[in-house]
Each structure stands twice: as C-alpha cells, then as structure tokens.
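Student: Mind looking over this structure? Questions follow.
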C-alpha cells in the first residue's frame, strides 16, 4: 500500500487526518490541490513530501497545454513556488521540487520535458521505497532481540512512499525475528504517534504501546526503554537534526539515562548547505491545532498558544544516523558526502 | 471562590472536568459521592484532596444516626476506607482522613466527636488557604521582574482550597508587580494545564501561554524559560518528589539547561515515613484517558496504552522546596521537621 502515488494525471494519497478511524484516499488534480493537502497535513513526513512535491509538478506537466518548453518551465516553476510555500522545515520537499524541475530543464523539448518530470516523480517514489528498505536493514542490526524501542511522531510508511525510516528499522528487525516491542509517544498536538504509528504497527502485529509525550522520562527512569529511533526533517552538516517537536526533549532524556538515540533518515534529508541546526527554518503552525481538539476547545479563550512544529536536536545527543549508506556517527558525516 | 467547601451537611465543589467550558458546582451528600468525585477527577490536586477527604468524613458525621461514639467511629472508618481507595499517590488525602479521624477519636462522646470532625474539616480548609499564602510570599522572593515561569499541570486555586501552591507563588509575584509571564504545559492526558491553569491565570490577567508537553525542551533551548515552579503530590524524606506525570522530564530538561526547578508544597505533602521516592505508590489510571480525547478515539483498537498518573523527580534535580516555613534545599529538609 503506497502512501502516495501518481496515477494517470492525478496524485492519489491517503488522507492521514482521517486515520485511525477511516482509511480514505483523496485525489489531487493540480499542484494547488497537492499544496492544500500538504498544508492540511493530509500528507506529511519528510520523504513523502519529496514525492508529493515532484508529483505535484508531474500533474502540472501532464495537464499543461504549453507548446514550448519555456512555457512549460514557467508553469512548473510557478507550481513549485506554490508547493515551496507550504512547509519550510523538511528539506526533502525542496529536493523533490528541484529534481523534477532539473529534469524538465535538461530535456530538449516540451514533450520530453513533460515526460522527464513524470519519470523523475516516479523515480523519487521508487527510490524512496528502495532506500527505506536499505535503512531498515542497516538499522535492524543495531537492535537486539527483545528490545523495547521508543519512537516519536510517525516515521513510518505514512511518512514515506512506503516502508518508513524509523519504522522501517523496526519492521526489518521484527521480520528478522527479533521480537521488538515499540513504545509510541502520542505526539501532540496532531497525535501522529497515537493515530498513525500505532495504526501501522498494529496492522503488522508488531506490539505497540502508546504513551503521552510527558511519560518518556518516567519510562526511561524505570528502565523500560532500550533504544530510541526517530526520523528527521532536515539534518545540518554538523549533524544537528530537526524533527517533530518533542524529539529534542526525548534526546536529552535518552542521554540522561544512557539510552542510545538513533535518527533514521535518507541522505536526501541531509542539507550540507546548512552548517548547524540554528540555520534550519522551524515552522510555526496555527494555534488552533493546540486550542481545539476535533472541534472541542481545550484552551480558554484569550489565552495565547505557541505551536512550533519542529525542534532541533544538537548532534551531541545523537548516537548515530541510520542511512541507506550505513550507520554513521555525527562526527563522521562528511564520509557520506564524499564522492 | 473556594474550590471545595463544607456547606450545611453537603460538600460543594467545582466540577473541574467541565472547565474551561462551564463553571459548575456539584454537591456531594455522602462520602461515597465525594469518593466518586475524586475518582472522576471532578476534584483533584493534593491539598484539595486533604480537604475533600476530611469533608467527606464531616458529611458522614453530620448525617450519621449513630448514638454512640464507637458506632460513629466505625462509620467514619468505613467512609475513610472508601476515600482511601480512591487515589494512592497524594499523601495529603491520607493526612486529611487521619486528622479528621483523630479529632473524632479524641472527643469524649458522640456529639462532640461529630462536632470535632466537622471542625477539623473546616480547620484543614482554612489552614490550606493560609499556608498557600505563606508559600506564595516565600516563593515570590525567588522570582525576578519579568521572569517567564513554566509550570506543569495545575497547582493553583483549583488544586487547593484557594490560592494555590505553584500558582500561589506566581500570584504573589504578580501582585508584587514583578510582571511575571507564565508558560503552562497542557499536561496530557487530562489537560489540567490547558484547561485549568490557563483558565485561572486568564481570570486574573496574568499573561499565560499554553504549549504542548513536548515543547518544553525547545523552549528551554531557546532561552524562553527562566524558572520552573510546580506542585507535588508526595515528597519523601530524602526530597524525591512525586508530581503529575511529565514533571520528571521537565526537571531533567531544566537541569540540562541550567533553569532553576522549584517545588511549591505545604509541609503536609512531605511524607517523612518514606525514605526515598521509590516507596511512593504511583497510580495508574484507565487507558481510556489516553485512548479517547473527549469521546473521540485517537488510539486504534487493539493497541495497548500505559497511563501512569505521576512520576518521581529525584531530589538532585530540585533546586529548592518552597514551603510555608520558607525555601529549603533538598539537603536541608530535616530542618523542616525539627520540633
């Protein structure tokens, strides 16, 4: 089951706001519709956003009436700007856009440019699945039989095209017979851990227990967590990593309790242009995400709310990165980017 | 406005599950009704539970038809056992019961025993308000002009008979013109921070911003928190302190960022019978509190949930305790209990 697919001249994606109640797919017929789906969190997760961005351009290309390559490029660039304004933190979204645009630019004429964008969107999706499987294999070796692994938010199938990064590691270890148990933090405000991670793991009969975000310290103090594996949205050259808000708190707690803290992410999540995490743009989302819960007000009127969607975990808290090229410590990141 | 009162032969209390939507009072006409209100979190907060426990016995005494002191004592002890089974962690509940029972036992006959229980319940309530004001004054001296104070859960008027412990400190500093700003963690699963702390502070025009529990690390890393002040449910002889789940995580983060971490609590919250926090019983509550959010399922069916209601912060993370007898470091606690 793919989280997102290009089918004909439509992008078909699972509406993640409806889970766990309903497994519903929505169709997007334009870049604008894909952009709205991204803004509304129908699709989220850094690797999935790379595919969504490229597919948005593919749909634009397929529906374009442009008769010249230049005209098509202008339409694609306009669509790309719209997609680029949706969410600032996950670098993969911009990588997906740039790959699709570059493919079009390199083509000799309008017909081949159109085909190249579509092909590149498909390539990104297929690569994502392959890369996640490799991340899974590489990370599974770090997990021991019977480990209890804590994960935050959702870095699973639903955050990617399929298989997942952090949950890919857990899946691979599970399939290798390691009898892994998972603790999923519910991940306020949008509850991706409770709604999405628990749903994915339950479908595959991987044992999962949901806790609130505030319980992590207690669980670690009780010795109930063996390892932490999470995903990332953007990783700076020095290894500082942005991920869903709450990740940094978990990393500090892991260090305090001697629990290894791993980030599973494809190379496309690394942004070597940024020296440190201080340069990563952090999205602030609408306060209503915290104020209302499915329409019920939980914060009194007139009270302000702060709603950053991500935080940055400094490299010193990260035991290692699990990538498709292997497991790499923060101090050794430059290895990954040598040609 | 009192959170809980003995009026005639009824206990009148604010139903905190209805806030912030509705300010509703409920009447309890028996110890069983008080016990149900405690179990259902209509009333909560360690100091408020001392008053609730004693008032439950007062109502029992006032409605009793016992003609002998022995018979009355048996009824009070039975009511006390019911109250004692409601919630295990906050020691104040047991202190309240014991004080009311001791008053009855010390009386010469049934009429004076009845009167003594009622008087003791009233004494506990009046003392609570006085003690909180002293805690407030003592703690306000620790806060500087313009401080941003983070608090967790609700240690306010609603957790006490009136005024509050942690929020009493904030109120006293605010009234002294210190221009305090408050960050209230929403406090999952029952959202006492978002619903109750924000509501209380908003009523008094003390600036308050609500954040999710997972945002604390990010806020501290950004230098947005000057001090942490929270309440407690039971404090062991060595200074280890049980408080609402999530407190320990905040304490670890505070230490990591050099942010002072204070616990504001009356002496009645100290339990010198327990050597360390490992002996404090930690209540586990129904998984449904996490699974459903105001009636909407957020955790998929078949997924397990762990729901401890408290955690224990070891004394080494606590900068000082703010009590009615002054501000005391964990290593100096024995001073408090010298006669």
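Backbone N, Cα and C define each Cβ position, glycine as well.
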Student: Among B:119, B:192, which residue does TrEMBL name as a further substrate binder in the site formed by B:44, B:45, B:46, B:87, B:243, B:244?
Tutor: B:192
Student: Tell me whether residue B:192 (substrate binding site) sits in a helix, a strand or coil according to DSSP.
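Tutor: Assignment for residue B:192 (substrate binding site) reads helix.
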Student: Whose Cβ lies within 8 Å of the mean position of the Cβ atoms of B:44, B:45, B:46, B:87, B:192, B:243, B:244, the substrate site, other than those residues?
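Tutor: Not counting the recorded site residues, we get B:49, B:90, B:153, B:154, B:155, B:159, B:231, B:233, B:309, B:310.
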Student: Among all protein chains shown, how many Cβ atoms are found within 10 Å of the Cβ of residue B:44 (substrate binding site), not counting that one?
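Tutor: That number is 26.
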Student: Of the recorded positions B:44, B:153, B:192, B:243, B:244, which one has its Cα closest to the Cα of residue B:233 (active site, proton donor)?
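Tutor: Comparing Cα positions, the candidate nearest residue B:233 (active site, proton donor) turns out to be B:243.
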Student: Can you tell me the three-state DSSP label for residue B:46 (substrate binding site)?
Tutor: helix
Student: What is the separation, in Å, between the Cα atoms of residue B:87 (substrate binding site) and residue B:153 (site 'Transition state stabilizer')?
Tutor: 17
Student: Per DSSP, to which secondary structure element type does residue B:243 (substrate binding site) belong, with helix, strand and coil as the options?
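Tutor: In the DSSP reduction, residue B:243 (substrate binding site) maps to strand.
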Student: Where residue B:243 (substrate binding site) and residue B:153 (site 'Transition state stabilizer') are concerned, what is their Cα separation in Å, rounded?
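Tutor: Each residue's Cα considered, residue B:243 (substrate binding site) and residue B:153 (site 'Transition state stabilizer') end up 9 Å apart.
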Student: Take the C-alpha atoms of residue B:153 (site 'Transition state stabilizer') and residue B:192 (substrate binding site) and report the distance between them in angstrom, rounded.
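Tutor: Spelling it out, the Cα of residue B:153 (site 'Transition state stabilizer') and the Cα of residue B:192 (substrate binding site) are 5 Å apart.
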